[in-house]
Each structure stands twice: as structure tokens, then as C-alpha cells.
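Q: Let me begin by handing over the structure; questions about it come next.
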């Protein structure tokens with residue numbers, strides 16, 4: 001498939017935003033259980049604002065993918081059958097909960113509304129945060145299922161696609177939380193850094209498995225089945241046009257194998273190896289800059305990873321556009 | 001249930017592209033139009049088409065055979081492009097099974113084209129909506145036309161009658177008989193999309209004949225089988241007077 005930068009930025013940016021929101025809420029839960037020192041409301045409010053801006057940036061990027069963005073509101077109607085439609089509903093919901101979560105912290109609405117079992121004080125931020133967590137996970141699922149549900153594209157049609165979107169989104173979000181904590185001199189750098197490394201390693205396992213799975217890719221359909229002529233030696237002489245068409249532009253990436261191999265090694269290095277090493281180094285040196293570098297490198301790597309994700313997908317319609325005499 | 005469809009006979013298609021041009025001519029000025037082009041007279045012309053004729057070659061020279069292969073939307077009975085549409089712009093008509101796009105609802109997200117294994121959908125780069133073969137829905141449902149003209153433009157244009165049009169659910173229709181009796185097949189049947197359009201294969205008329213069947217063993221006129229001359233030469237009886 002031809003890599004669409006609008007979709008690459010949509011999926012990576014909202015992944016970071018969702019992961020950052022999960023990181024903030026996880027921090028709050030740990031603080032509630034007295035496992036971490038409580039953070040100021042300003043920290044949560046600033047973090048939520050950044051998460052919200054990332055989600056908005058993703059939404060803006062996605063608009064460039066549409067031919068008719070002015071009609072995009074219609075895309076919420078087919079949630080019964082279309083994962084894309086479900087994403088269009090869940091994304092604003094996740095944005096709303098993220099915004100409310102930040103707003104409630106900003107307004108300081110953290111007085112307990114009621115107490116469960118005399119140990120768990122529940123305030124407005126906890127309720128919104130829990131709802132936001134559900135929306136965030138649903139959004140990961142919807143975004144990934146847009147690709148994983150296309151049964152004709154074997155490289156995407158796998159639970160590994162969902163695992164990758166989930167783990168890589170969470171990894172980059174926690175990485176940003178670590179970077180943010182380091183920037184704000186918060187004490188949570190180690191906490192977020194550790195979870196970022198864990199999520200990165202989980203992502204490495206699922207992405208590695210997906211790479212291995214797609215390595216010896218064979219299309220289920222042959223040219224014999226595509227045109228129904230059962231001859232062992234069959235090749236195309238003409239495509240029906242000579243100047244190219246949507247079919248030759250949308251479904252081919254046109255990149256050399258050497259470049260793809262470089263991209264593959266590039267994203268493996270930038271998404272998985274370098275950020276983990278930088279976080280370890282930051283832990284040893286107690287540096288406040290290295291987590292920021294780790295996040296920036298991982299995000300750049302994720303853009304390459306998502307680009308590669310598109311080039312991995314081989315569409316069966318390409319059988320009809322093999323050669324031109 | 002009616003399921004309108006085309007049956008394309010690869011045995012007689014000569015690859016003249018008359019279906020392509022008549023399709024474009026009818027549809028660009030009809031309900032589905034305009035079908036815009038980009039740089040039509042430039043170096044790299046491109047544009048929107050509902051129908052393409054491709055050419056394939058089977059075998060290695062000199063033992064080759066050329067196949068002209070018209071390719072358009074197959075109007076699947078279980079179309080994978082319809083449920084993925086987020087706006088409901090892509091739909092399959094209940095009454096005749098034609099798969100259509102509502103151009104006023106389409107947001108041009110291209111997701112349906114990703115979900116079609118046949119590459120039957122093409123985006124109109126000017127109007128920024130997805131387009132595809134409509135089976136000339138504005139022709140075949142126009143009751144003001146005489147019945148003989150209520151057919152897709154490509155079918156009417158085909159000079160070799162390689163394109164048949166009709167209801168594949170009606171077992172007595174011309175298309176059903178052709179599929180049944182001439183070996184009609186669907187493209188990429190492995191996916192279970194159940195394409196309504198079918199193709200008819202190359203058909204050769206051959207008879208099984210043995211070499212000894214070409215020579216008549218008991219031919220009385222065969223020279224070799226004339227009685228040999230008796231020993232001692234011709235007698236008086238052998239002389240024809």
C-alpha cells in the first residue's frame with residue numbers, strides 16, 4: 001500500500017496522546033494507593049492538556065486523508081458495521097474525557113464525593129479518568145481494527161496489529177510522561193520510565209512477531225485465480241491504460257527493497273533499542289534531558305514504523321497491475 | 001431476489017475497448033458523472049474509469065494465447081466494500097443487487113477501495129469521492145427506454161457480444177444459462193465474496209480421434225488391395241478386350 005502520511009500522523013499522534021493520558025491516570029491510581037507521592041493538580045492538568053493537544057493534532061492530520069472533510073460528521077453513522085465509524089465516535093469521546101480530566105484537576109475538584117469500603121475515596125477526576133481509560137482502550141482497538149479487519153490484506157489481518165497499536169501507543173505515551181516529569185522535575189521519572197521500557201519491550205515482542213509473520217509473505221490469490229485462466233505461465237501485457245490510475249498509485253509504495261530494509265532496521269533501532277538504552281542511562285546518570293531525547297527518538301521511530309506498516313501490506317488487487325508492455 | 005450482473009465471454013472478447021469508451025461516454029454525462037480526467041492530453045494522463053480492458057498472455061512464444069480481460073466492479077453478493085464504509089455512502093440495492101456509491105454522502109476516505117480485493121473502485125480526484133461501475137443504473141431502471149435498450153452501455157457497445165447482462169438469480173435468464181452451460185466462473189472465489197459478475201472461459205471445439213480412424217481399413221478402391229497377378233503372367237482371361 002502507498003503510505004499515507006495523514007494516517008501515519010493520525011495513528012502515531014493519538015497513540016502518544018492516549019498513552020500519556022493512561023500514564024497520568026496510572027500515576028494518580030498509584031498515588032491513591034500510596035505507592036507514589038501525590039502529584040499536584042497542575043501536573044495532571046498540564047499533562048492532560050498535552051494529551052488533548054496530541055489527540056487534536058491527530059484529528060487534524062486525519063482530515064487531510066479525506067476527500068470531503070466537510071462531510072466527516074456522516075462518518076459516525078455506520079458504527080454497527082465499520083471500525084472506521086466506531087473510531088470516529090470513540091476519538092471525540094476520548095478527547096472529551098481527557099479534557100474533563102484535565103479541567104477537573106485544574107479546577108481542583110478532588111474532594112472525595114463518596115468513599116468505597118472506607119478506604120477508597122472517589123472524586124470526580126477518578127470517575128472521569130476511569131471512563132477515559134475505557135475510551136482510550138476502545139480507541140486503540142478501533143484504530144487497529146480498521147487495519148486488522150481487512151481480511152484481504154494478510155500483513156494486517158492479525159491480532160498482532162492490535163497488540164502493536166496498543167503497546168507502541170502506551171510505550172510512547174509513558175515515554176512522553178517520563179520526559180514531561182523530567183522536564184517538570186517531578187519525582188515520577190523513574191516510575192514512568194520503567195513502565196515505558198516495559199511497554200516498549202512488549203511492543204518489541206509483538207512487532208517482532210508481526211515482522212516474522214510477514215517475512216515469508218505469500219498472497220492467498222494467484223494470478224490464475226484472479227483472472228480465471230489456469231495456465232502456469234501467465235503474464236500481463238497491458239493494464240488498460242498507459243498513464244497510471246488510482247489502482248497503480250494507491251496500492252503500490254514503489255520503494256526499493258534496500259530502502260525498506262533500511263527503514264526496518266531504522267525503526268527497530270529508534271523505537272525499541274535507543275529509547276530503552278537512553279532511559280537506562282537517564283536512570284544511571286539521573287539526567288533530566290535523556291528521557292526527553294528518548295521520547296523524541298521513539299516518536300520519530302514510530303513514524304517510520306507506521307510508514308513501514310503500510311509498505312508491508314500487499315493488496316490482492318496488485319495482481320491486476322503487474323506489468324505493462 | 002434479483003441480482004443483476006454481467007457475464008463476460010473471454011472466448012470472444014477481442015480487446016477493442018469499445019465497452020470502455022461507451023461506458024465513459026454514457027456515465028460521464030449521466031447520473032454518475034462527470035468522470036473527470038487529469039492531464040488528458042499531457043504526458044501523464046490519468047482519469048476515472050469504471051471499466052478497463054487488460055491483456056494477458058498465457059504460455060511462452062510461439063505457443064502463446066492472448067486473453068483480453070475486461071475488468072469492472074463485480075457487484076458481489078457479499079460485498080466487502082459496503083460494511084466498511086463509515087458514512088453509509090456505499091450500499092447494495094435491495095431490489096436488484098447493484099452496488100452503488102451515494103456521491104453526496106461519500107467523504108473520500110478510500111477505505112472501501114482498500115477493502116475490495118479486485119481493485120474495482122477508483123477515486124475521482126477532482127470530485128474527491130469514490131466512483132465505481134453502476135451497471136448504468138440510470139439506463140437499466142429507465143422505464144421510458146424500450147426494453148432492448150435497458151442495458152448497460154458496455155453491453156450495447158460490444159461488437160462481438162462478449163458481454164451479457166441479466167439476472168443471475170433467475171435460472172432461466174440468458175446469463176444463468178450461459179454460466180451453467182458454458183462454464184462460467186467467478187474471480188478470486190477463495191474470499192467468499194460471491195461476485196455476481198461471471199466470466200466465460202476460452203472454449204475450444206475438439207474431437208477425440210485416433211490415427212487409424214483417419215484411414216479406412218476396408219477401402220475397396222485401395223490399389224494395394226487389388227488382387228495380385230497369378231504366377232506365370234497374364235492369361236488370356238486377364239486381357240481386357
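Cβ coordinates are placed from backbone N, Cα and C, and glycine is handled just like the others.
Curation does not apply to TrEMBL; its annotations are automatic.
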Q: Examine the ranges A:127-150, A:223-246 and name the one recorded by TrEMBL as transmembrane segment.
A: A:127-150
Q: With CB pairs under 8 Å as the measure, which of the listed stretches A:7-31, A:43-67, A:88-107, A:265-284 comes out on top against the transmembrane segment (A:190-212)?
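A: Looking at each of A:7-31, A:43-67, A:88-107, A:265-284 in turn, the most contacts to the transmembrane segment (A:190-212) are made by A:265-284.
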Q: Other than its close neighbours in sequence, what residues sit by the transmembrane segment (A:88-107), given a CB gap under 8 Å and a spacing of at least six beyond its ends?
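A: Cβ under 8 Å, 6 or more out: 14, 17-18, 21, 24-25, 41-42, 44-49, 51-52, 55-56, 58-59, 72, 75-76, 79, 124-125, 128-129, 131-132, 135-136, 138-139, 142.
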Q: Sequence-remote contacts (6 or more beyond its ends) of the transmembrane segment (A:290-309), Cβ cut-off under 8 Å?
A: 3, 7-9, 11-12, 15-16, 147, 156, 164, 168, 171-172, 175-176, 178-179, 181-183, 189, 193, 196, 200, 207, 260, 263-264, 266-267, 269-272, 274-275, 278-279, 281-282
Q: Mind checking which residues reach the transmembrane segment (A:265-284)? Cβ under 8 Å, same chain, six or more beyond either end.
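A: For the transmembrane segment (A:265-284), the list is 168, 171, 175, 178, 182, 189-190, 193, 196-197, 200-201, 203-204, 207, 290-291, 293-295, 297-298, 300-302, 304-305, 308.
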Q: Using Cβ atoms and a strict cutoff of less than 8 Å, what residues sit near the transmembrane segment (A:43-67) while being 6 or more residues removed from its termini?
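A: The answer is 4-7, 9-14, 16-18, 20-21, 23-24, 27-28, 91, 94-95, 98-99, 101-103, 105-106, 125, 173, 176-177, 180, 184, 186.
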Q: Do any residues of this chain, six or more beyond the ends of the transmembrane segment (A:127-150), have a C-beta under 8 angstroms from a C-beta of it, and if so which?
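A: Contacts with the transmembrane segment (A:127-150): 11, 14-15, 18, 21-22, 24-25, 28, 83-84, 86-87, 90-91, 93-94, 97-98, 100-101, 104, 113, 156-159, 161-162, 164-166, 169, 309, 313.
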